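Visitor: Dumping the structure here so I can ask a few things about it.
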Amino acid sequence: MDPRRGYWESSSEDVTRALLPTHDEDRLTTTGELSCRSGLRTLLASKYLAVASGPAACALICALVDLGGHPAARNMLGVLAWVFLWWITDAVPLAVASMAPLFLFPAFGISSSDAVAKAYMDDIISLVLGSFILALAIEHYSIHRRLALNITALFCGDPVKPHLLLLGICGTTAFISMWIHNTPCTVMMMPVATGILQRLPRDELEGGSDARVVQRFSKAVVLGVVYASAIGGMATLTGTGVNIILVGMWSTYFPEQDPITFSSWMCFGLPMALILFVALWATLWLMYCSKNTGRALSAYLDRSHLRRDLSLLGPMAFAEKMVLAVFGGLIVLWMTRSLTDDIPGWAVLFDGKVGDGTVTIMMATLLFIIPSGKNDGEKLMDWGKCRKLQWNIILLLGAGFAIADGFKASGLTDILSEGLGFLRGAPVLAIAPVACVFSGLITEFTSDDATATLVLPLLAELGKSIGVHPLLLMVPGAVGAQLSYLLPTGSPGNVVGFSTGYITIRDMVVTGMPLKIVGVAALTILLPTLGSLVFGMA
């Protein structure tokens, strides 16, 4: 395996050429075998088998599964298998697979084309779309880099204090991830972290006796950015797609219940994220820092280096200040839309007809109106700067909401509810952590959002079947889907960190396992206590 490329290189062609027989007839036979092998490799490389696996699984389910005379529910199960196989095999791009319900649901009689299309653009999708536009503005004006360098220089210490430097890097990443999706946060922060690490030696010949100590600290920095991004995103609705999927499915399955708002989720998610963040910092400090780390780092890194990089950015311009003002105003609007029963928040002025997505799009629109102060007529943002919008995430969220609607429209939810009735009477305190672990295992092999899309409808029906508040199971499922800490396949952020070359899968497993255990334990304690108060489950 070439570690620089990250995949296995096959040497079968060279070996085959060395073993070619000398006789002409054998050569012709071997040439035919080579042609077949080449065709097989082409077939596998083109992912035709992966593409065919989805329709094949759907056809088998529709032909063989009998759900007691409910053809729509059977078709829904087949379509779910089709879409999920395309997700996990990457047979087609994620965005394309996420659009499959738009033609599969009407074709299989699950729901009308209008009904399924509406799931792809609601208030929650507007929230994500506006957040992505704001994130692009922050990235365009390098506000994230300025913030990272300021905080890191503050915590660096003179001489270097490794545990404080880790706190600064991880804290900055977690804070940024609270307000934008954790994947773009990781993409934005990883160059900042690796830029600091570029001053450090990467091999023992270059760094001498302290190289091993420095290399271990480099691992801690990269792992810190990856995990802090995931942990920070857990604190708010905008930080990760899983939280958005949870809110959307909650409102779809239980429209009569009080919705989960930005402020209500933050009251639960922030304490959960703080516990995990402390666990992350302690784990990195104990596992990757030693008594000699500070002395070894001082030869390559000090506060003056960070301040020099900060000075190269120059003073904050008018455009940066205005983007920060818009972003700050949006956070205030998010937090004050709905407060308490006695203090309803500003949404009462509009008879409750506005949502978090409403103000997000409104504030994002201001970026296309406010001048940048640079060139005449130039605004803070234009549509050309939005070319990097993550439509794959937006379409994946829409697919999740469409699948939730399909479960209800097809009657599959009623069948699942009847099948899970045997769990009635089971202790809730035992089922909640089990749901979290179940979701946490699946998420290591597919994306967080895809895991939540698959698991949350099942947990919603399980909650109704056993007679408990559905959020006692849906929240653990959502939290478990975000505990993807062990493998690069767990989330795009893991791939970003793994691709730097500083960490291995073993590093991720050894560091991520304690965090996963702490996450399950924290959820088990917080959900029946704080969660009951926040979500009204008492």
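Note that Cβ sites are derived from N, Cα and C of the backbone, with glycine treated the same way.
Features from TrEMBL:
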- 48-67: transmembrane segment (TRANSMEM)
- 79-104: transmembrane segment (TRANSMEM)
- 124-143: transmembrane segment (TRANSMEM)
- 163-180: transmembrane segment (TRANSMEM)
- 221-250: transmembrane segment (TRANSMEM)
- 262-289: transmembrane segment (TRANSMEM)
- 310-334: transmembrane segment (TRANSMEM)
- 354-370: transmembrane segment (TRANSMEM)
- 391-410: transmembrane segment (TRANSMEM)
- 422-442: transmembrane segment (TRANSMEM)
- 517-537: transmembrane segment (TRANSMEM)
Visitor: What parts of the chain pack near the transmembrane segment (262-289), using Cβ distances under 8 Å and only residues at least 6 beyond its ends?
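Guide: For the transmembrane segment (262-289), the nonlocal Cβ contacts are 162-163, 166-167, 170-171, 174, 178, 216-217, 219-220, 223-224, 227-228, 231-232, 234-238, 243, 247, 334-339, 356, 475, 479, 510-511, 514-515, 518-519, 522-523, 526, 530-531, 534-535.
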Visitor: Of the listed stretches 79-104, 124-143, 310-334, 354-370, 391-410, which one has the most C-beta pairs under 8 A with the transmembrane segment (48-67)?
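Guide: Comparing 79-104, 124-143, 310-334, 354-370, 391-410: 79-104 has the most Cβ pairs near the transmembrane segment (48-67).
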Visitor: Which stretch, 79-104, 124-143, 391-410, tops the Cβ pairs under 8 Å count with the transmembrane segment (354-370)?
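Guide: Per the Cβ count, the answer is 124-143.
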Visitor: Near the transmembrane segment (310-334), which same-chain residues lie under 8 Å Cβ to Cβ, leaving out any that are not at least 6 residues past its ends?
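Guide: Result: 134, 137-138, 141-143, 145-146, 149-150, 153, 179, 238, 262-263, 346, 356, 359-360, 363, 366-367, 370, 372-374, 380.
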